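Listed in TrEMBL:
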TRANSMEM  20-43  transmembrane segment
DOMAIN    37-283  domain 'G-protein coupled receptors family 1 profile'
TRANSMEM  55-74  transmembrane segment
TRANSMEM  94-116  transmembrane segment
TRANSMEM  136-154  transmembrane segment
TRANSMEM  198-221  transmembrane segment
TRANSMEM  233-255  transmembrane segment
TRANSMEM  267-285  transmembrane segment
Amino acid sequence: NFSRVTEFILLGLSDKRELQILFFTFFFLAYVMVLLGNFLIIVTVRTDPKLSSPMYFFLCNLSFIDICSGSVVSPRMLVDLLSQRKTIAFEDCIAQMFFLHFAGASEMFLLTVMAYDRYTAICKPLHYTTIMRWQVCWALVLACWAGGFLHSIAHTLLTVQLPFCGPNTINSYFCDVPLVIQLACTDLYGTEWLMASYSGLISLVCFLVLVTSYMFILVTIRAHFTEGYRKAISTCASHMMVVSIFLVPCIFIYLHPFPTFPSNKHICMIYTVFSPMVNPLIYTLRNKEVKASMWKL
């Protein structure tokens, strides 16, 4: 009720027309790959009865989240790259921030659940069907979405109650919590520490859980399945690469107070643009069953 700023100005990636056209071409192709790649995975998993295990159920949900997270930032960025004046309404900025954190946090939790599924399948194979029942799988997915919603709504409520009465220029191509709250006309020390520790700790804890689960998987395979150890290392390494592409930039950006935080818009591109595009490539190209089902489809 006491906000005076009605819109924000996004500085984007570059003010040079030639680079803007180049960026538009590249990010348009990347967004098309995100949509087509993830949509193909969803259709393949849903139409092939052989892909009915919990692993593919979680993979299907991951692809849906990647479509959502990619669609929060990329369409707006593509429009702004062709616009002379890059402005976004205050309500649209808050909505973009909400849905970005909603999808991002849900993906963090889902990647953790997928690692737990792989750990259970490899380290406790005899109990896998008992532990990973379909009721449990649905409950875990719903918990991921609920956790993402609570994480996002907490950031959004803390942001909208701040007074915005002066500067309205954001040195980035999208609205994010660290960039928006720095424009508020009030003391932000407590708010910054609360938001930074909250988002940063969630990213760090999920990353450590993922690394630990893959370590247990490798130790178990080395002790019981020597012939498949090299293949397991290759698979775990590719999965950890995807996880690192998504989580490491989040840890770097959010796990410290915001006053020392520069724009880092190029780092943000890693988890807003590239991560949704890389996920379907890594999780399908190394999976013979999914590739065979795609060829049949």
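Residue numbers in this text run from 1 along the chain shown.
In case you wondered, yes, glycine gets a Cβ from its N, Cα and C as well.
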Contact set, same chain, for the transmembrane segment (55-74): CB under 8 Å, 6 or more residues outside the stretch: 27, 30-31, 34-35, 37-39, 41-42, 45-46, 96, 99-100, 103-104, 106-107, 110-111, 113-114, 117-118, 121, 137, 141, 144, 173-174, 272-273, 275-277, 279-280, 283, 290
Non-local residues, at least 6 beyond the ends, that sit with Cβ under 8 Å of the transmembrane segment (198-221): 101, 105, 108-109, 111-112, 115-116, 118-119, 122-123, 151, 154-155, 177, 228-229, 232-233, 236, 239-240, 243-244, 247-248, 250-251, 254-256
Mean of pLDDT values spanning the domain 'G-protein coupled receptors family 1 profile' (37-283): 82
Contact check, the transmembrane segment (233-255) vs the transmembrane segment (94-116), 3+ Cβ pairs under 8 Å, seq sep 6+: yes
Residues of the parent chain within Cβ reach of the transmembrane segment (136-154), under 8 Å, 6 or more residues beyond its termini: 54, 57-58, 61, 98-99, 101-110, 113, 198-199, 202
